[in-house]
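**Student:** Residues or ranges marked as domain 'ABC3 transporter permease C-terminal' by TrEMBL: A:62-179. For A:20-40, A:52-74, A:105-131, A:151-175, A:196-216, A:228-250, A:282-305, A:498-527, A:564-586, A:592-610, the entry in TrEMBL reads transmembrane segment.
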């Protein structure tokens, strides 16, 4: 009997537990092929495709490759663990580690070969749809046509062959852990049960509360800086919270009289206690993956769908111009008349900029600034004669007014270089964000006039114009024509285009990666259930002999699988909701409906996997019990 | 001619400085001749399974020497040890340990395939062994379709099919009813006598042990007693029962042995 025959027989026998692995392999190959086909497509040489997008595709390719190694590696080690007895028998019959590695290599090759062939075949068949999607994302008028599949197919085949060889080689380390001693009639080591510790609960709660607190109170700029710290805090908190609450809850439940009086619940909780150490690890891993998938996909979809609302919030004026020579307004009005743009509201205000073009501070009078506040339907601001307020006008900060310890700021662009006493800081969006309007020093009317007399150069006195149209979607043509004359323009349409250019590829990519991870973690849970099924076999038979029906026994084990599936979903969802909430400050109101829809969609797919696992588990279990 | 020789074998678990070291074997000497059927008996924790694992090259002795067909087991590298097990040893376990994804015939064929025996010879050996052990009718069946007794006979066939120097059996009748146990033991005796198979068997059951040529009794990791078979198996059985009873604390029973 050759290793090939042995591998084939083993694969056929374990076909059901290999099924999820096999589908995930095919899906991974499909994704890898499609992105490789895109990387080798002549369209990328075209200057129409941005370098950032190409970079994103490379990143996705690397993520899929890494995922393939980790996921296939995990699956392989789960299978080998499941077949510990078989491996010990092979060793006792005199198979060396080298020979067993060869056996696993043949198994991997068989699964790998079929997955690669089916995966590449399906990819070629659906690559036109993929390229159609890419064309939409990149807003090409003519859809991209799939190029020759030869090179991408070869690259995919070689990459996955390499991964399968690497994993086969890696399997030798698992063999060394397999002990033939387990075959002999000697007592085996009992599983170490995790213990409850109030200190660890405290640590978990403090970590999660701090992580959530930081995420909810930070602005976009702070979130970027604190993301690593928040991530570590949530990881620590989640791990200990899962282990400790599991230990405490299961312990309490097994002691309650209600549970002890009901045989099925009693069996369920005692079984859960027995598998606690194994379960908590996998629940932790799946929770973290779930929160990553839900957060990333949720944020992208949220911004993709609500992009117009975000653009209206972040660029409240549909067209804004920074006018240094005070000639732009006439040209803009002429253009608006030409294109029959109806103006709903307009605003024209003076500001004083610094002589140093790198300085981002500009001075605005309280009267002018209050016009902006009025436009935003916000209460008017009042300041004293000698005071100044610094307005940070950008979406990366939350809307806020806070008093600060008074400090002095010296205006460098004026002849006398006066020092302003800043008593308050204001954050939020008041006017479209330009370099000249990002930091506005609000001063009293009298001071503004005094400073206007002291400017060193005439072009420091700048006029800012803001227009709001009946329909900003039609303003594209204005930007196209104005961009030839000045680059000091901004507006809702421009911001919306920028947002789509960033979000669309990210959404497209994150949905693929999300689906890949969902499939991966679903498969991990599927293997876990099947690994346990072989261990549960004896228990099931004993319970059956004790008088429990097949349906009753299955109910106990189905509950166990539901804990394995839905507990990480609940934990992951909590994290994802907080992350989505933290990232939703660019909106006027948190889009709860959108967050709910993302979670609901995910839950439906996830439940599909759960149902599938339970169906196969039931089918397999019925073999032992009937 | 001796096939297996163990000299002053000791086994200590636990390293110095880490926990309390436990000495499972305290200088065991054992010689098994070709074609001999030796039983190892003793109470739980006496070290009989440990001794079997050392004889099977699965555990290494802390001190002492073990030779099988003049090969010192400690001198074998990992690769050579696997090679040695493949050609010189056969194992029978209490839990059968058949491979579920192979049929009975394929389970029997596996050791031959690993030893690269030609197909024609393999088929002859499988047919012969199937006849001796009475499993010819179930050759195409899968292990989960068999009774415990049938499974253990298949396991015995797998252990003996490549004519190893020694077959090591760990409580082979532990999971069988008395009828299946008797049938298995008769088959092993037949193989021992017809094929001159050398068998070393660990058991705690005096009836099973009564099929052996010789029974070695171990207590607290040391050789406690040695019994040789008599013409009448029932008398040999009785003597084994008495030794085991004596081991249980009733030392007066030893006076019966003379």
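Placed from the backbone N, Cα and C atoms, the Cβ positions cover glycine too.
Heads up, TrEMBL stuff is auto-annotated, nobody curated it.
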**Student:** Any contact between the transmembrane segment (A:52-74) and the transmembrane segment (A:20-40), i.e. 3 or more CB pairs below 8 Å with pairs at least 6 residues apart?
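**Tutor:** Between the transmembrane segment (A:52-74) and the transmembrane segment (A:20-40), contact is present.
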**Student:** For the transmembrane segment (A:20-40), could you work out the same-chain residues 6 or more beyond its ends whose Cβ comes under 8 Å from its Cβ atoms?
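**Tutor:** Distal contacts: 54, 57-58, 60-61, 64-65, 67-68, 71-72, 75, 79, 111-112, 114-116, 118-120, 122-124, 126-127, 130-131, 134, 146-147, 149, 151-153, 155-156, 159-160, 512, 515-516, 519-520, 522-523, 526-527, 613.
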**Student:** Determine which recorded stretch among A:151-175, A:196-216, A:282-305, A:498-527, A:564-586 has the most C-beta pairs below 8 angstroms with the transmembrane segment (A:228-250).
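**Tutor:** When the Cβ pairs under 8 Å are tallied, A:196-216 comes out ahead.
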**Student:** Over the span of the domain 'ABC3 transporter permease C-terminal' (A:62-179), how high is the average pLDDT in this prediction?
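**Tutor:** For the domain 'ABC3 transporter permease C-terminal' (A:62-179), the model's average pLDDT rounds to 82.
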**Student:** May I ask which of the stretches A:105-131, A:196-216, A:282-305, A:592-610 has the most CB pairs under 8 A with the transmembrane segment (A:151-175)?
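**Tutor:** Per the Cβ count, the answer is A:105-131.
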**Student:** Across the domain 'ABC3 transporter permease C-terminal' (A:62-179), what are the DSSP residue counts per state (helix, strand, coil)?
**Tutor:** 99 helix, 0 strand, 19 coil
**Student:** Are the transmembrane segment (A:282-305) and the transmembrane segment (A:592-610) close enough that 3 or more Cβ pairs fall under 8 Å, when only pairs 6 or more apart in sequence count?
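**Tutor:** Output yes: the transmembrane segment (A:592-610) sits against the transmembrane segment (A:282-305).
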**Student:** Where else in the chain does the transmembrane segment (A:564-586) make close Cβ contacts, counting only residues six or more beyond its ends and a cut-off under 8 Å?
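**Tutor:** Cβ under 8 Å, 6 or more out: 212, 215-216, 218-220, 223, 234, 238, 241-242, 279, 282-291, 293-295, 298-299, 302-303, 310, 313-314, 395, 398, 521, 525, 528-529, 595, 598-599, 603, 606, 609-610, 613.
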